[in-house]
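K.L.:
Structure provided below as structure tokens; questions to follow.
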Amino acid sequence: MSEQNHPQTEPQLDENQIIALRREKLHNIRQQRNAYPNDFKRDSFAADLHAQYGEIGKEELDPQGIPVKVAGRMMLKRQMGKASFATIQDVSGQIQLYLNNKGVSQEVLDDFNHWDLGDIVGAEGTLFKTNHGELTVRVSGIRLLSKSLRPLPDKHKGLSDQETKYRQRYVDLIANEESRNTFIKRSQIIQSVRNFMVGEHYLEVETPMMHPIPGGATAKPFVTHHNALDIPLYLRIAPELYLKRLVVGGLERVFEINRSFRNEGMSVRHNPEFTMIEFYEAFSDYERMMQMAEDIIRNASRTVNGTANITYNGKEVDLESPFERLTILEAIKKYNPHYTDEQLNDAEWLKKEIVKHGESLPPSPGIGSLQLALFEGCAEGKLWNPTFIVDYPVEVSPLARASDTKQGLTERFELFVVGRELANGYSELNDPEDQAERFKAQVVQKDAGDDEAMHYDADYIRAMEFGLPPTGGCGIGIDRLVMLLTDSQTIRDVILFPQMRPE
């Protein structure tokens, strides 16, 4: 807004004084009229006006007198003699308003001059361009639609306090265009994933959020109580077992995008409630699921970024090339070539090496569990470009189908990008007797103190006994996918209202 001379700012008052002053203004408005009218009808968005008229020259645009009605939050306001300029912001962007006593009455102008930054206004008028070429609405009528009682963050400093950003996301969205764009992209990513699944002839379904038995993943659940039934219920840690029941029922391709809950720690990549997609396909296997995961992620990147070659934290990530595939042991040796096969199959050596890398020993320290723990300590964080880690041990994969050719391993994968897990999938175990034995082994682990071990789910076994077709399944963390595709460094930046300690 180069025409303006001096921006209008709040008096040099503290926040409480500013709020008190604004409340007084609101009281005065209430004495005269409805302070919160709801009859202004907007017909234009800022971005649409810029797209349609932004390239038209002043000489061509001004004589047309194109009428518009716009509405939004006042972000800038400046007076220049008998005229005033303001910038309002709607969901699509910003547009400038111009008021003078030729377009509106002096009473309206005086009223406008008492309004504050953050107020929500509706204006009508005609489009023109300033001498500096800025598309502007020459206002013929303007109304205050909602009074802002609290001051916005400083225009130049923005909302810099991270905790305030997360606690008061509404202020963050007002003040920070980058945050708004991140959450717009999040919505586009989810829509891209949904469209892709529908294009693959999958049926979107909804399964329970409260489970009588927690299952579908190894994690600690949140527990609640149903008063009428007088039973404990568990917020779901994964929808897997219900989705596979649907495959038993003949819904051969199903997916669900929804929340899951895990009563675990919080970090830059963990929030107690999170969004994921899980999908299952009959007459499929983990090879098909790996290709599906690869295609979903690549397609989402192209949709929101226009390319599958992106940058994360200043470093390139190649989502375009076929994703690499390694076993757990291959990944360990890739980054630690001095390790020998003998060492990697020695339980005592593995335990010492795990501790050396700062990892905790697994609750059930079989060779497979120990190898996985070492992988997490010495290799996982180095997997920058997308890499499928395949063929997980049976003991850490209680729902995955055992390999026909590799003793003690399963047809399971996890996908890692920028050093963190993004997806998990496998050929589903569809032998009910084998599944029952694995559930029993999980119960033994739980009795030994492993809070994350699974319960025995008798109804799921009953469903399997009707016959689960050969099936592939996969889960992808939506929050982590959004982090990757928006170059966000913490999960809190991509969840609108992340879990916080109470104030």
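For all residues, glycine too, the Cβ spot is worked out from N, Cα and C.
Pulled these from Swiss-Prot:
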- GLU414, GLU421: Mg(2+) 1 binding site (BINDING)
- GLU421: Mg(2+) 2 binding site (BINDING)
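Set these features in their place in the structure for me.
P.N.:
Its own atom aside, the Cβ of GLU414 (Mg(2+) 1 binding site) has 20 Cβ atoms within 10 angstroms in the protein chains shown. DSSP assigns GLU414 (Mg(2+) 1 binding site) to a strand in the three-state reduction.
The Cβ of GLU421 (Mg(2+) 1 binding site) has 16 other Cβ atoms within 10 Å, all protein chains considered.
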K.L.:
For GLU421 (Mg(2+) 1 binding site), what is the secondary structure state per DSSP, taken as helix, strand or coil?
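P.N.:
The residue in question, GLU421 (Mg(2+) 1 binding site), is strand (DSSP, three-state).
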